């Protein structure tokens, strides 16, 4: 008996240790082996006694007792009868929880098809039998017969026969001469009769013979599914069910409510329908009912089973009593409320509470204020145990009473319990890992949680009613992790970019800014102070002001770290600030001897962290916070109406622009410019005016004014707030005191009339109305984008969740080359910022001296970056996640520095999830920030290039002509102007637009800011290369060209119209030709005629017979009017790039280098071919829709990768033509562009990690002698494994090309079916996995969370490692023992005990 009691506390089912999970189709035998009995009746429970009916859906005989250790009739009660089966009610006496584990089954009277294998596309049954889904459904739902065995008749196997045809055939051929069946039995027979090996061989032969691409694809698909069945051990006929499993009753509960009603799971209703129909069918079959009735019943049974498995997948949705669709088994798994996402990936947490947050400026960085009431509730178990240990209570009940009465000793104990016990604070939405941090609680009165101001940025919290949740880590390990990994003091840097995230904001910044202002001419200027006491005395006595320029003897450290004093010129405020700076050689007084804006403060914190370590940084942050708050309060900065200074020159600028706009209107009326050009010019003029007014306003607001005594007066408050970075921006100041400027319509177009007033002057009614567009659009956008951004983050996390650092170094020699990113001549991302914290892929050498700055394989730190910058290195090869050669995960060297710690990355760091959060988090931030600048339009169309460096001009691919107006014009598209140092180093390169006016020539020496070229941003020209007379070809009135009169001006302009849509215009090829004096078409220098093809919407600029010179404009194509760009263009753009979608009007890229030739047109497409330079290559042809403007002419030379038709390139094309490195560079730059526009910093490596995950698959081009199928996509790892196997067997290996998958697709095709199923399309993923008998190796994070294990990252990774080592040791010991056991000495005499091997 005692043993029994002991066993009670042992878990009955031992937790199995497993490393993989396999899924396959359940055979009828398997289903029966799970089952504890057949369910024969649809009854559930007896409504009077509430006891389950026998053989019903809740039967206790099958599923187990309802109460622990008690049979149904009550004959056997208590533990002592454990395991006995009651002879009266046949219930086993055991724990009631077996009702959660035991399954039953329903024996079907007729087989039914499993709807998942039938309807989830592509239909598996259909593919195997090579039949269409429509035909299958006709057979299954009893409309058509199918011929199984034609015998000697003219019928074909698998031919469908309708009822009449079947009867006719029976009459014609006799009843037994052929076999035809109907319903699931027929399909089952067909599946049973399949000879998979034969089909496999046959398909391979057919694939080798076929030329059609579509047929090849179709055969490959079928072959794949045949192979799946061959190798997985599944049998095709198992897709037809003869037995339906019934899940345990406690997983589909029936709960009596008061008033005699019941709450029940929908599954019970669905099961009842199946049982009812099945029983009715059995009865009808026993009664030998007419065929038509039985057939109808069978069809209804099929439908009932369909609804049970997946309600609504076929036919109408079955609804319950309240017209609500019933939740079937598939719905239990699917979607946000399904099993996967609701219960397995996220669980409710015990020991948590939530409350409103308020600011706690007197807290230290590692503390948070916890209301006493809350702490008492959260730490109850700890308090109970402490009360017990101290002997204050003997039972839990007593302890409970003490706590409820809130006795004084309870509070003392609470203090003890809470001491150094960290708690986790979380603010929803948790967009990145800094949304949950650990703090040490400090007990406070009141009911609100107090939060430290410096961590608000990480939580994105403010105190306007935000709430936060508190969680208590219970176990010692959890407390340790909270303290070591999650403590707010350990999260000083942002994981996305390595910048400090514990940065003062708002009041603190304002206070520090005020503290560090220096003003000339204040009383006491030039006084010298020796120590702090003296200075403070002078301040209190008002002899000097905080901002007075003084001299002070400062304690400095020399290079050896020895203290010495030196005299510095500074202000009293900055001395006070200097007192909190940690003493270090690397942090001289100059670090803070300047005006402290938010950016400066951030850089100081960064330096302190780098040079003095974490502890000093935390202390420093707390001190400057206190200093900032104190000085903001002392300064008492506020602003009044007069602080908004409207510039005097405002109206002058407005009037000038008004006249300009009138001029453009007039030009338009005279027909000199089109409506679109007028619109663009007007909008341009007004945005320039707005900028100018804003400049003037800034000049006046920030101007230093002197008062009567010659001292500088106080700085303007508004300017102080904006300039310090505390609140507001120049854009907002412009709206307050400049002019509001242009507004956008909801469609994104800009309204031509600007808002001239500002908020100080007040808006007129019309202006106010115009500005409501922007504000409303902002709010609507915000609501929509939050959801979009969350979804983007979810997809990113899903695709990258199994990316973990698993080794230190993979030893690869591959890498990617990094250069500074220069956009329109300005450096947007310096080389240093891009390679900081990355590993050098090869030695970085000084270009002048050739000495090594950084060795290959070393991490580049700040000092190395400085050296690289000094040496003028332009390009560095670095290791990257993209080129890492590890099979699982990424190596530390390829990843580089852990941005959140500033040290090399640790083993087990989940870099994939960090990357996903770093990219996703600002998405939400940005979308939430659209409405801060009320839709004020910002257009930046760039139309000039100015030099940022001085040097000599070198022009590559030079082709310049002097046109009729005596301007130099760029005549080619690939002309590049480079600015070169005297020592030959390229400082900058600029690609020149076609048709741009050149302001420099080869060999010129230019200064900084010199204009290199300019062009019209609103149209693209077609230029002539030769001098001659104009003639038109195929430019026929109303067929290919139309004179349009502008309604408002009455001036005609000639536009090329779409000639294909006019009658008789299909074969036209509109062009302008240039003829010589003899009337013949001139030849061009590069070969070909001087014939310029025109595209739709080209506006002609010349007439027949006009004389032109090289570089003159023949026609122009206007570009679209400018739309406002904000992150709305941004977020969808990022999603589009990550999803690797083909852009709407994708660019066409040259696959080879060669010469352009125009071929014969095909239907309504232009044919262009490239004659390759390399004679080995084949020529490539492209068909281009005629409306598209092709800016190349016959005979132009293109390089591989050049654009033939402008547009956004499709990422797949870049990968195919230029390779992985170019693709990565393109994606990284494009995505960074969007974030840069918003001023968000994200490290490139995060994007690289995601792109690596998108490149996991290979498309097989040649299958060699392997089992792979050409054209199929297969995992890189699997591809390599199969090739290694083939090479070992001496067979020809397969070849493949890398494929780029969008993140959704990549997530659904991961090696783990658990991860894919819990992401999207659960049914499809599980169906496919089951057919293939897939094994989930449980390598990623999601799969392990789902099966309830520690994740293989972070501390979980080290646990796994330890476990692995232990298992290895165990194995070695066991092997050793076995060895010793085999060498037993010969049997000794009886008397002696046997010599045993020594115990290990």
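Here the Cβ of each residue, glycine as well, is placed from N, Cα and C on the backbone.
Here Swiss-Prot flags 71, 73, 86, 89 as Zn(2+) 1 binding site. DSSP assigns residue 86 (Zn(2+) 1 binding site) to coil in the three-state reduction, placing it in neither a helix nor a strand. A C-beta separation below 8 Å, combined with a sequence spacing of at least six in one chain, links residue 86 (Zn(2+) 1 binding site) to 71, 72, 73, 75, 76, 92, 93.
Under 8 Å, Cβ to Cβ, and six or more positions away along its own chain, residue 462 (Mg(2+) binding site) finds 456. Per Swiss-Prot, Mg(2+) binding site is recorded for 462, 464, 466, and the stated evidence type is sequence analysis.
Around residue 891 (Zn(2+) 2 binding site), the C-beta neighbours below 8 angstroms that are at least 6 residues distant in the chain are 805, 806, 807, 808, 809, 810, 884. The annotation Zn(2+) 2 binding site is assigned in Swiss-Prot to 810, 884, 891, 894 on the grounds of sequence analysis.
Swiss-Prot lists 1378-1400 with the feature region 'Disordered'.
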Expressed in Å to no decimal places, the gap between the Cα atoms of residue 464 (Mg(2+) binding site) and residue 894 (Zn(2+) 2 binding site) is 44
Other than 462, 464, 466, which residues of the chain come within 8 Å of the Mg(2+) site, judged by Cβ distance to the Cβ centroid of those residues?
-> 357, 461, 463, 465
Residues sitting within 8 A of the centre of the 810, 884, 891, 894 CB atoms (Zn(2+) 2 site), not counting those, run 807, 809, 812, 879, 881, 883, 885, 886, 890, 892, 893, 895
Note on Zn(2+) 1: the CB centroid of 71, 73, 86, 89 has further same-chain residues inside 8 Å, namely 72, 74, 75, 76, 87, 88, 90, 91
Could you tell me which of these binding-site residues, 71, 73, 89, 810, 894, has the fewest other Cβ atoms within 10 Å of its Cβ?
-> 73
Here the binding-site residues are 464, 466; which one has the lowest number of other Cβ atoms no more than 10 Å from its Cβ?
-> 464
How big is the gap, in Å, between the Cα of residue 466 (Mg(2+) binding site) and that of residue 894 (Zn(2+) 2 binding site), rounded to a whole number?
-> 40
Nearest-integer angstrom distance between the alpha carbons (Cα) of residue 894 (Zn(2+) 2 binding site) and residue 89 (Zn(2+) 1 binding site) = 68
Taking the Cβ of residue 884 (Zn(2+) 2 binding site) as the centre, how many other Cβ atoms fall within a 10 Å radius?
-> 25
Check residue 73 (Zn(2+) 1 binding site) against DSSP and tell me helix, strand or coil, would you?
-> coil
